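Down below is the structure, laid out as structure tokens.
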Amino acid sequence: MCSVLAIALVVALLGDMHPGVKSSTTSAVTSPSNTTVTSTTSISTSNNVTSAVTTTVQTSTSSASTSVIATTQKEGHLYTVNCEASYSHDQVSLNATCKVILLNNTKNPDILSVTCYARTDCKGPFTQVGYLSAFPPDNEGKLHLSYNATAQELLISGLRPQETTEYTCSFFSWGRHHNATWDLFTYPIYAVYGTRLNATTMRVRVLLQEHEHCLLNGSSLYHPNSTVHLHQGNQLIPPWNISNVTYNGQRLREFVFYLNGTYTVVRLHVQIAGRSFTTTYVFIKSDPLFEDRLLAYGVLAFLVFMVIILLYVTYMLARRRDWSYKRLEEPVEEKKHPVPYFKQW
């Protein structure tokens, strides 16, 4: 009994000397039956947004325990997101790809949810057009969202809007929240045509038309800084020729490129004064200018063929006629008959 009292006295003295257990921040008084652990996570994202999450967990034990208030730092995966619109040749469907790019050598970030918003007026509010989550409900909205965890890409598809639209998608992962914005310009891209000149050279014509939208801040297509470049690998190819053309009664700006090889998809970097965007354009139809020339060449070849046939027929008729005239003009030799003999009686 005395030994037990002595041990209790020593424990009490030690408790007075160490009033708490030091963690990363503070400590609390012990509780005989309950344990309360409060964890506060402070996260700083790449866009300077700091969030704090406080979690309180209560457990019951049959023995004495210690309540600790600890602050921990959860390290999230550093990444950025680049989104790019994609046009089809008929411009009916909307396709876009958001690529997640890691900034550190950690494993791929676990994207928990993606929410996309859109607006057509620069001053109007954004409305939700798509939602994708690792937990049900899944994929709700006007756009179809699908995430490829292996390629770390978000694929967005739907009907093409009738006017230029701003999009923003929020990516949520463990300890991270990142916003990515991109624009779908219904104009000024009027058309993109590709023509294979020979086995090694291809000509690409990009036609742009004037487009007034709040995103362009009043910038004009005919501004000296307005231009188009083609992406070929890691290089930006400038246009070989820039001119103003009229097509179907519309005034257009034409950019001509010459590429080595044959392509059905080109990536365009369009810059209108201070505003720029990159888009992937798929062209399947051949250049109508080339088709017009081909038709003209075909008609010319047909006319030449008909002239040759006409000359040949004329020559044959003339030759036959000359042969007939020759037969008529040939002297007819009279056949000599003997002098008739009359018998005299």
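Placed from the backbone N, Cα and C atoms, the Cβ positions cover glycine too.
Feature annotations, reproduced from Swiss-Prot:
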type: SIGNAL; residues: 1-23; note: signal peptide
type: REGION; residues: 23-42; note: region 'Disordered'
type: TOPO_DOM; residues: 24-294; note: topological domain 'Virion surface'
type: CARBOHYD; residues: Asn34; note: N-linked glycosylation site
type: CARBOHYD; residues: Asn48; note: N-linked glycosylation site
type: DOMAIN; residues: 91-190; note: domain 'Ig-like V-type'
type: CARBOHYD; residues: Asn95; note: N-linked glycosylation site
type: CARBOHYD; residues: Asn104; note: N-linked glycosylation site
type: CARBOHYD; residues: Asn148; note: N-linked glycosylation site
type: CARBOHYD; residues: Asn179; note: N-linked glycosylation site
type: CARBOHYD; residues: Asn198; note: N-linked glycosylation site
type: CARBOHYD; residues: Asn217; note: N-linked glycosylation site
type: CARBOHYD; residues: Asn225; note: N-linked glycosylation site
type: CARBOHYD; residues: Asn241; note: N-linked glycosylation site
type: CARBOHYD; residues: Asn244; note: N-linked glycosylation site
type: CARBOHYD; residues: Asn260; note: N-linked glycosylation site
type: TRANSMEM; residues: 295-317; note: transmembrane segment
type: TOPO_DOM; residues: 318-345; note: topological domain 'Intravirion'
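Shown on the structure are the features that Swiss-Prot records.
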residue	record	DSSP (3 states)
Asn95	N-linked glycosylation site	strand
Asn148	N-linked glycosylation site	strand
Asn179	N-linked glycosylation site	strand
Asn198	N-linked glycosylation site	coil
Asn217	N-linked glycosylation site	coil
Asn225	N-linked glycosylation site	coil
Asn241	N-linked glycosylation site	strand
Asn260	N-linked glycosylation site	strand
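Among the glycosylation sites listed here, namely Asn95, Asn179, Asn217, Asn225, Asn260, Asn225 has its C-alpha nearest to that of Asn244 (N-linked glycosylation site). Same-chain neighbours of the transmembrane segment (295-317): none, counting only residues six or more beyond its ends whose CB sits under 8 Å from a CB of the stretch. A straight line from the CA of Asn225 (N-linked glycosylation site) to the CA of Asn148 (N-linked glycosylation site) spans 37 Å. Among the glycosylation sites Asn95, Asn179, Asn198, Asn241, Asn260, no residue is found with its Cα located within 10 Å of the Cα of Asn148 (N-linked glycosylation site). When the C-alpha distances from Asn217 (N-linked glycosylation site) to the glycosylation sites Asn95, Asn179, Asn241, Asn260 are tabulated, the minimum falls on Asn179.
Closest to Asn198 (N-linked glycosylation site) in space, going by CA atoms and restricting to the glycosylation sites Asn95, Asn179, Asn241, Asn260, is Asn260. The Cβ of Asn217 (N-linked glycosylation site) has 11 other Cβ atoms within 10 Å, all protein chains considered. Each of the glycosylation sites Asn198, Asn225, Asn241, Asn244, Asn260 was scored by the other Cβ atoms within 10 Å of its Cβ; the lowest score goes to Asn198.
Taken together, the residues of the domain 'Ig-like V-type' (91-190) have an average pLDDT of 81.
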